[in-house]
């Protein structure tokens, strides 16, 4: 057995994450959008700001500030979420954009919830065997594109809940599209996408090259990207609403690009796309009430995991590191202060104190949490689009029932992990989905939004339309494909087979939590494909078990185990003592991985009414802001 490899501390990684361009490098801003040259993202590590009017968190710092601007102008949490989402589609087009789709959970100011499904859908000509002999067709090119839903989804939410004019919300994205500087995140994802392709699509495809190539070479970090075609498309949507995307010249251009690359999408597919509302799934944890989106999202899996953990003792805090903070409100938790104290004590070996008691080799909550994950992911194999799969709602209700959690706790071996078949995956599996972007917002009237958008793989289908500048998704790859078994020879899940108009199963898990008195507590979600569920569950378990700030919780190192493959992934800053126990005592097949399995964003409101935004430092350009 190979010895465990240990990596640089979270302290080093967090300090490294500070070294990226600040707002002073930004280009032209819309009216009212201040280029605050005094703001330095690394100060988030020293002090977590709190506010009384609202909060925004996203993977793009400038976009979070644009959402904040919308709140200061009198916009509500939905306005801020819509504005931030359009902006993220410009600054992080590798994850998100109007060529994709997603899910949104809205809590209105009266405490009522709505689950909004704007997931991409299969075109009318799609069929179960369309990728027979052409698996790659589900990954790149026209056949991989599903009908985009983001514009209709954001429009629906704004029309029902928004306060500021639609056109105003798009101004931040429109101006950013005209000129954005490529930061470290941008370059990292471009390089990953290019290195993972057979060809350098950025350089060789004229449509991509028009924006990203200069003098025959791909632009580098610090270069300006001017997506004028995309800016014009956003302006059209700002003026015409969803008709500016789903009808007319934009729709015709997109359909032509898709069909030129062997796709089957038609103008009717665009015209007929509809937003759907789904039942809101709920459960409780120690008095808190959790709300999420059901299938084809995966909120039921996260609630299942949380239900199982409710039956175990709460995580212990390490008294030496945290006793001074016990009993204080969320707004008093400043993780950066502890980091700086650690630096002063020992500049070479200081580590951020971990929250859990790892000195219980025969009673590890982490082992039980991993086992709860494995049971949750096993149950996910039977989920699918409820408009096409029988009794998905009944199955989800059974998943999140407290009696089911008791049953799972009885099945968990407290001393050792088990063979895959013990988790009853039903001899079926779901394909892993990929990149996403999460946004969380809240305002002082009690409204909150947890929203995840995606184009699936990095830069989606790798199609950028030459006329509109829109990057199209490859969401068809999230469907199961008949005859394609996994490494355990489990068959693909029939519940996720392709049907015309069907929406593929997604790992997206937006969650909003209420306090026992019904007041808003936290909105959270994650990016990272199949790791979304484990990351969101882990952060929620953290903040609902102890009075800790969301910024601290999202930046803790995490574990991930989705049962198939039979492997426990541990981020390299996870406490080595715990990981050794999980491997040597409990028998888990541990693999160390670099931080970045998933990117979590969340906002929280403490009992005194103060907001905190938690943005994941695994993304260098992350941003959590408060008003």
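Using the three backbone atoms N, Cα and C, a Cβ is placed for every residue, glycine included.
TrEMBL lists 454, 455, 456, 478, 506, 507, 529 as L-glutamate-binding residues, and of the candidates 119, 152, 168 the one it assigns to that same site is 119. Annotation for residue 119 (L-glutamate binding site): spatial neighbours 101, 102, 103, 149, 296, 297, 475, 503, 504, 506, criterion Cβ-Cβ under 8 Å with sequence separation of six or more. For residue 436 (active site, nucleophile), the nearest of the binding-site residues 454, 455, 456, 507, 529 in terms of C-alpha separation is 454.
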